[in-house]
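Notes to accompany the following structure.
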């Protein structure tokens, strides 16, 4: 049930002419017993209606109630005419007589009305029109209108009868509009416009309200039409209504109480009940046809036409209903929609303003979105056009991004990858080839976009006319201590090996040597097992490999590794059997061992050149150089010096005062000072170049090594370098490569396998040695890192926190302190004040210049992480023979040593009936009265046990000691 607020009730009362302020209305409602607090309080509809009726009954003027009528009754206006003199009413039985009523004076009207000749005929014409009426009549079931009107008998005029008081006012019927003061029908000429009164009511004189239904009007020569025929004899006649105050009232005529109707505001129809008929009143049905409109009579302002209002649902939903009061539909417009130009021209300014207000009130508001129903036609799947089924990606793309681009579920893509044998997650990066495979499976085409390195580093076609002969690049490889560097010293006529730590080479050395056969570039690689990556890089950039094998040692593991690296690079191998001057040298045994690796000497019918040489006596060195020159001629080594330079990084390091220094080998073009180059994720401009002798050079032709200064960082050994147009282009290429590397690292996800978990469980609870590695050159740092990682065992692992080149800095110390690790420096030293900072942070710094010494020391540190094994070592036994009680010491067990030795402060166990009753330590050990350190077998002594006095004869005391045994890494 809906509610109504107090201020809305006040507005409704105001429409009925009752002016009440909000405070007065609240006090009135409280007086009537309603629980309200302010003008915003709410009342139920039935409560509001009851309060409205009560207040209206108290404040409205008393008037005779109009005859109740059904819904749809319309009270029309009546024309004002001259009232004829009213006849005096005849006295009625059992009722008081009425006073004689004087005739009304002629009243001004809107139109001149002709006098009526035959009042009886006019009365018949002035009958009310047929209007819908409820099924049940308030008069006690009077039949519906449509019966023929019957003339009523004329009542005799009353003689000086007192006026009858007006009946109490009844509530107005909401379906009836208040009419203007009407005139008797007998005073209107035929055809004059007359507004009919309520059904069954004859109008009275001008200025008099119509009587209640069934009231008999008076007038000269006018008989009321009474349903049911003439009145029966003896039936009392209805009294005449008193004339109201106002124009046309006769002097001395009694008037009904109440205010002047002209001062009232338009309200619902009100009437004064004079009397009710004793017989049912039938409604008169006028003849069908067009009605004649009559001018309205003077009097109170009449209400406008009756409008039929429509109940519409609210635009905001919430199951509310509102009354549509819009007038736009009468003008052919829809509320809330734009007005056409023609309609706007036809309206006045005031109407346009009203229309604008109405349109503003009808702004359409979107309601709740309806859920799609399952009914209807089947959804049609549309296919994309071919030009829209193209996906553009860069080097890599994640599975989720690819699924969004294709409009395919990520689970479907992962399923396809699993079917192809690739495990991937939704956020994992996949390369362009894998993305192209998935795109093809779902009908899409993949195109690469973004940065193209070829735009900055284009491939240049080889111009045969500009090619010149370049020197060969020869890499010397072999096992450690087989004389590789000594052989190069003999060729260069230098003594490099004597200056190397431990007499071994630990990074690549590049040298350009002038020989009688021409210039040759030699690369000296380390032979230690830790420098595998260096040997592989040397094999990739070389034209010829000289494999050095000691005649007294034979083929060793690194010899085999060098053979495999050279074959993998597709490089020609030339074997130099060194140290033939030493006693016990057997070159034939070496040649026999090499045949197992498909290296057969020419002397034995093979294709491999094998020469016996001696670095000490320089035996066989000229023949070696001749064979190198012969092989270079066979290979036809040529290059174009006019191209932009390109090549490979042989070694890189970070020197104090010089910055990043890279040793590069120029393979194509000519490298000049000032060139902008890029290598890996680093770039820069060549600031200076130096050869192997430390001399600065301005340009380097192809086939020669050189040290380059001016890079933004330390490059990775083995990376290619290229010269580009300017430094800006070099920076863009380097940044693109760095971004690509970052995405690759993020996409690579390493998951722990069961083997990793078992290995961690077997490693003593996951003991790990954290290490920070710093070296002089990038290759050495890489070699040390790999060597330390290989030193890890099942019990203790090795984790490299960081690795780099250059001096040990404060940042390295803080990194090691955060990871509770150590710092390993190889061929480098810490900066000033770094040792004191490391001591404060509790970080150990280990410095080495020989790699195998570094590995041995790291293994010791790893073993120190393992907890020692506690082992029990038996000492001896003693049997308790007697007990002695000594003050402050308690019971002393007089015992005889039966086995081994009993030492003071040794751990003991007391056994009684072969069961341990106590374990502790010896507190005192005496021989007679002297304290002794130990007692041997066969002697008696007194033994005092700490915290135990319940010793009994026959107990056995076992003495033992605990010793710690350091665990082994194996």
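Cβ coordinates come from backbone N, Cα and C, glycine included.
Bear in mind that the values here come from a model prediction, so they are computed numbers and not experimental data.
Counted within 10 Å of its Cβ, the other Cβ atoms near residue 484 (GTP binding site) come to 30, all protein chains included. Feature annotation from Swiss-Prot assigns GTP binding site to 478-485, 524-528, 578-581.
Here Swiss-Prot flags 98-112 as compositional bias 'Polar residues'.
As annotated by Swiss-Prot, domain 'tr-type G' applies to 469-638.
Summarising the annotation, Swiss-Prot assigns region 'Disordered' to 54-270 (among others).
Look at Swiss-Prot and you will find 328-348 (among others) tagged as region 'Disordered'.
As annotated by Swiss-Prot, region 'G1' applies to 478-485, with the evidence given as similarity to another entry.
The region 'G2' feature in Swiss-Prot is assigned to 503-507; the stated evidence is similarity to another entry.
The annotation region 'G3' is assigned in Swiss-Prot to 524-527.
Here Swiss-Prot flags 578-581 as region 'G4', drawing on similarity to another entry. Under DSSP, the residues of the region 'G4' (578-581) split into helix, strand and coil as follows: 0 helix, 1 strand, 3 coil.
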Per-residue pLDDT averaged over the region 'G3' (524-527), given as an integer:
65
Let me know how many other Cβ atoms fall within 10 Å of the Cβ of residue 580 (GTP binding site).
20
Say we define neighbours as other CB atoms within 10 Å of the CB. Which of the binding-site residues 478, 481, 525 has the fewest?
481
Within the region 'G1' (478-485), how many residues are helix, strand or coil going by DSSP?
2 helix, 1 strand, 5 coil
